[in-house]
Amino acid sequence: MSAAPDRAPTRAALLAEGARRLEGAGIEGAARDARLLLRWAAGLDGAALAARLDQAPAPDEAARFREAVAARAARRPLSHITGRRVFWGREFLVTGDVLDPRPETETLIAAALEGGAFARALDLGLGSGCILFTLLAERPGARGVGVEREAAALAVARRNAALVGVEGRARLVQGDWFAPLGDERFDLIVSNPPYIPADEMDALAPEVRLHEPAAALSPGGDGLDAYRALAAGLAAHLAPGGRALFEFGAGQEEAVRAIFAAQGFGAARLHRDMDGRARVIELRAPADGARGQDRT
């Protein structure tokens, strides 16, 4: 009697195999990442995958999953493998030319949406476009401008504008900070600028240090040069009564607040992220030109 042919492993077995490999490589959240990679390899959403875990995957699906797990074990970011990242409930295309959208940046989105209406928004250092395009998607009557220095990042942003469906309301321009804007004014200005001090770059996780654009992570030096540039041009481009919201790094709140106060923006409010850390500074241009007191 001949031996029965080997049966292909089920998706559940494949998932367990991937999770073990990622855990062995020291990947935090190994089981979560393995499941996300299997969803991607299978082309299934979470519910559909759960219903089909006892099925054997097609050979090309299994091969695609194992290749993805190997890349993740080598510390390639999950979003660079799948090409996408969910931010504020929407998918954005991600490549090595832009920062990977992070959950803590949603603090800025929440503050912008809760703080009142806006008709014209400006995003400085556009990157993937996740901030500006999310704001425009949430406020269908608003229009926006995104400024980005790097052509490769701008190309990713253009694709994301179309993906999110806001390309008709977003003008994207290449340039450095306020330089391409002439005398334009906006009632909302936002930015997640580079802020990591140069001496902290080597301590970043390999997924960040080796795969994300260094210029989008750090301006060099003390990490504060971007805020100096933003503060210098803010008064000329923030409309009366307008708001500005800028993300910053851990422990930088007082230094960032002092930079804007030196340019006349003494009224500042800090917004905290999901871990309770100060993450975003909010500045306002009063209609009468007066400057208020700090608020936290």
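Glycine is no exception: its Cβ is also placed from the backbone N, Cα and C atoms.
Quick look at what TrEMBL lists:
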- 14-83: domain 'Release factor glutamine methyltransferase N-terminal' (DOMAIN)
- 109-222: domain 'Methyltransferase small' (DOMAIN)
- Gly125, Leu126, Gly127, Ser128, Gly129, Glu148, Trp177, Asn192: S-adenosyl-L-methionine binding site (BINDING)
- Asn192, Pro193, Pro194, Tyr195: substrate binding site (BINDING)
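If you take every residue in the domain 'Methyltransferase small' (109-222) and average the pLDDT, you get 98.
Pro194 (substrate binding site) sits 12 Å from Glu148 (S-adenosyl-L-methionine binding site), taking the CA atoms of both as reference points. Compared over the binding-site residues Trp177, Tyr195, the count of CB atoms lying within 10 A of a residue's CB peaks at Tyr195. Around the Cβ of Pro193 (substrate binding site), the same chain contributes Leu124, Gly125, Pro219, Ala226, Tyr227, Leu230, Phe246, Glu247, each under 8 angstroms and 6 or more positions distant in sequence.
Around the Cβ of Glu148 (S-adenosyl-L-methionine binding site), the number of neighbouring Cβ atoms within 10 Å comes to 26. Comparing Gly127 (S-adenosyl-L-methionine binding site) with Tyr195 (substrate binding site), their Cα atoms are 14 Å apart once rounded. Neighbour density at the Cβ, taken as the number of other Cβ atoms within 10 Å, is lowest among the binding-site residues Gly125, Gly127, Gly129, Pro194 for Pro194.
Cβ neighbours of Asn192 (S-adenosyl-L-methionine binding site) (same chain, under 8 Å, six or more residues apart in sequence): Leu99, Thr105, Leu108, Gly125, Gly127, Ile131, Phe246, Glu247. Put simply, Tyr195 (substrate binding site) is 15 Å from Trp177 (S-adenosyl-L-methionine binding site) when counted between their Cα atoms. Broken down by DSSP into helix, strand and coil, the domain 'Methyltransferase small' (109-222) contains 49 helix, 22 strand, 43 coil. For the binding-site residues Leu126, Ser128, counting C-beta atoms within 10 A of each C-beta gives the highest total at Leu126. What surrounds the substrate site, by Cβ distance within 8 Å of the Cβ centroid and not counting Asn192, Pro193, Pro194, Tyr195, is the set Gly125, Ser191, Ala216, Leu217, Pro219, Ala226, Phe246, Glu247, Phe248, Gly249 from the same chain.
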